[in-house]
Amino acid sequence: MKFTLDWLKEHLETTATADEIARTLTMIGLEVEGVEDQAKALEPFVIAKVVSAEQHPNADKLRLCKVDAGTGELLDVVCGAPNARAGLTSVFAFPGTHIPGKEITIQKGVIRGQVSNGMLCSAMELGLGNDHDGILDLPDDAPIGVPYPKYAGMDGVVFDIAITPNRGDCTAVYGVARDLAAAGLGTLKSQPIEPVEATGGKGKVGVSLEFAGAPVCKMFAGRLVTGVKNGPSPEWLQQRLRAIGLRPINALVDITNFVSYDRGRPLHVFDADKLTGNITARMAKPGETLLALDGRSYELDETICVIADDAGAQSIGGIMGGEDTGATDETTNVFIECAWFEPTEIASAGRKLGINSDARYRFERTVDPESVMPGIELATRLVQDLCGGTAHDTEVAGEVSAPGTVVDFAFSEVKRLTGLEIEADRIAEILESLGFTVEGSGERRSVTVPSWRPDVTQSADLVEEVMRIYGVDEIPVAPLPRLHHVAPQMLTPIQNRRRIVRRALAARGLDEAVTWSFISHDEAVRFGGGDETLQLANAIASDMTDMRPSLLPGLIAAARRNANRGFADVALFEVGQVFLSDMPEGQHTYASGLRCGTASVDGGGRHWSRKATPVGVFDAKADLAAALDALGVDIDKAQVVAEPAAWSHPGRGGRVQLGPKLILGWFGELHPAWTEALDIDGPIAAFEIDLDALPKPRKKATRSKGALDTSALQPVRRDFAFVVDSAVEAATILRAARGADKSLITNATVFDVFEGSHVGEGRKSVAIEVTLQPRQQTLTDEEIEQVSQAVVAAVTKSTGGTLRA
Amino acid sequence: MSLENQISELRAEIIGAIDAAETEQSLDTVRVGALGKKGRVSALLATLGKMAPEERKTAGPAINGLKGEVATLIEARAETLRAEALERRLAAETLDVTLPLQPAPTARGRIHPISQTMDEIAAIFSDMGFSIAEGPDIETDYFNFTALNFPEGHPAREMHDTFFMKPSVDGEKKLLRTHTSPVQMRVMQKSNKPPRADYVTPPMDPPIRVVIPGRTYRNDSDQTHTPMFHQVEGLVIDKSSHIGQLRWVLEEFLKAYFEVPNVTLRFRPSFFPFTEPSMEVDVQCDRSGNEVRIGEGSDWLEILGCGMVHPNVIRNAGLDPDVYQGFAWGIGIDRIAMLKYGMADLRAFFDADTRWLDHYGFRPLDMPTLFGGLSS
């Protein structure tokens, strides 16, 4: 909210400087977003007259103007404003002037071939609000060549403060003054509102509320003033409004804006002669529309409260008046509205319609419920003062009152919650200065909340009031008591898993990515998701509609973006949540990664030391194995089965499991059809690990690793080559070999695999090395021969293969 | 020919042959020819036995002298030949060591700044006795709003700000949590029901000291907002913790996190539904250069929100607000990562541009600890 120092001083007797006031405002919770010495900033802008305006020869929307800026010569100025016309008095900036609303400095220039010696300005360009419909349109008698701030009466400082949603009372200069006075920056001036006698008797416009449910408009007061003379408001009022960026319209409208800012009390003025019959506050009817004062037409519905006459909706309740019934210069009979609307209803209606008005700003922060009657009196007085006329009876429908909360306040709460030690009388004094009534004595008193602070309901709220006025900075910093022991392990096993797997994968040369939790519906379906309960009802973009069932779509999209930038050989991973259902247990953490092009663990691209080979299933399997190993799972002790994920090449993928139902992860080359569908150049080798599926670490009685069991005898290694059917898995051969003599055989690995005509069509040769570890004594040739035969027998039996001659 | 001449001639001949030997093999032939069983020096030695004692007295030392000399020369020549052979081998084996290596995997892989920052935060709060609490991203209206004292009709509850899931069959409208605060309630609530997933932190009894990192979502996207971002929340609940201690915790945290000797904080009264009193915190900084520098300068930068946990929230958790009290704060992880490490654009965090990850990411073994330092 904006206000000037002058305006503040209408309510606050103070000698404080603008700096002191700004600092105090921020420290009591009225955050200053800007303090501007407006007069200084706008000094270079002068009043100027457009002497002539002709069409620009090279641009439809531009005009060539001759401008008299009081320099004694006519300046050529190119202007794009629709209202630039001969005879218009406006505001002009010479070349070299900084334009605050645009953050640019205007230069002398040539626009579409025509010289322009400066700029005619809109209110927005001057930083005086949002009005950018055209350049400023000043009265004809505005003095040419005079600096605009001098003309506009901006001789002071303008504050812009942010008001939190609970402080409706500070959407008024008066409320701000009250807070500042409480904070010791002066004395609040008392300005009682004198009621206006209704000499005109009963007016012709009646008011009523018609709500089926809880009324959105709880109270409506209307008052007819007949025989007014509208027109421009007096200079003091115009200047006050202009200084905070409001455009003076006419006296009646200016009064509503003034009271809105001065007292936080929004009003509306109807031209009573344009109203049909009586006024009713009700919900809009489906299909009802209204042309509002901003010149836009709004579609209303039954969630929006309107003020209607017998002809239909004439105003959007608490948000904006209608164009057709608004007060104009010709208005002679005015009907003043002062009402109270439910804050949440106004907030949602305002958002729905996309209207940010001063009225909405105040009503959604809660207007003082007891301000309706004083508000209509103040408005009537101002109307009579500025426009004359005869006031009629105030018509009232409904009623609203403040909750009148009384808090039984133990002053010790201040110390308990803040650590501040403040004397009881000082606490009472602070509360009273804010308008609270404090009764009783001692350390526990009864505090009555004033009508303008409905946000205060309990002790903690009062503690905040005391704290912010006393000063948050006064709170002594006190250490949180330290632990009396070494900090216990901070991360749970699951949290630690994520930390470790990240480092393990990065150590294999993969870059960690963080991608969106939501992906497109098509991608979600493709990767096994897309369930309705995992779709957003209000997605922000069409490729962010579904919660991801896998990290791979996000990583593939990332790889595609990198490829499009010229970096095709990327290796990426992500450790993050996937969503298998909308329940907490449906959220799993996966660690997934992919390698593209030639990005093997040794690096991508061409290098003198090796051939640049495309990544394949074993790159993915190696990443997965390394990650599992870092997490304490030996892949050789788990089952690796040729059951690939749906995204995988069916013959080049597999999964790691501890049993058919306990799947730890998948690896493989991306299915060629998917590569194409996902619009990315292959090859891609990918893996996924479900970190939540890993068995929980067992609680151990001791951390001892046990004795190291080594043999003094040398191991013996024997090689075997088997010719088997191509479909036989190496795992089957190794399992059989290892099982041939469990006491002697400690390892079996594959050292060669090949296919070719000499081993037969559809067959392959698999050469394995078997390690025998004698325990008691050196093995004799006979013993070795026996074990060898057992190995051959076991393998041939389980595979149907033969020992290669 | 006298024996003397004979020895002298033989010596000259053998020395010539030794010098002429170019390989260890040919040298060995020389050795056998001279000192072998049938060698010429050996043959000469054999003649000693037949000599008269007088003659032997002079011939013995002479022939033995020749034998010793020849043996020494052969050994010296052998040494030379071995050295030459090694030289040749070394020359032959020489490689161009300036050929570039491929960077090690640990030199290529990077940890994302968000993960690194979370680890830094964890290191600091671990020292203050906090543990890490977590909850689900898909939340109920109750945990995200109602339990946290958001009134019905609060603007945050609208589609405008919050992502809602399509309603389920029973009509329940779940949502994507807009902050990490729902986890406060999950941790504080009096409940004997264990969570249905292992990652969800079970309810705790006070005293509670937790930090709550996680993904959060808002229906917002522009230069400085992304629809998904990361927050870390802190919660302390016991019977005595107050704003004085909140100030200490935040000052110590920010000092440790930004690795500066001092930070100056400004606590401003503010408003959040779930804290009372509520405050926003600005940190003093220098914004004159391209980067914000914390711990110096005279500008203020809003950095976090905090306050005493609202009595209604404590009550909603099933605790008595007259007995239990505490404070909470929330801070953007992405944001403080940007402030510390100088990234300009939040949106780049989620783009996975490998050039960005290479530049702003962290080496896998660069692990933030208090004993080794947060950042290297």
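Along the chain as shown, residues are numbered 1 onward.
Glycine is no exception: its Cβ is also placed from the backbone N, Cα and C atoms.
The domain 'TRNA-binding' feature in TrEMBL is assigned to A:39-149. Among the features that TrEMBL reports, domain 'B5' is placed at A:402-477. Residues or ranges marked as Mg(2+) binding site in TrEMBL: A:D455, A:D461, A:E464, A:E465. Per TrEMBL, domain 'FDX-ACB' is recorded for A:711-804.
Across the domain 'FDX-ACB' (A:711-804), the model assigns an average pLDDT of 93.
Fewest Cβ neighbours within 10 Å among the binding-site residues A:D455, A:D461, A:E464, A:E465: this applies to A:D455. DSSP assignment over the domain 'FDX-ACB' (A:711-804) gives 32 helix, 33 strand, 29 coil. In the domain 'B5' (A:402-477), the DSSP tally of helix, strand and coil residues is 32 helix, 13 strand, 31 coil.
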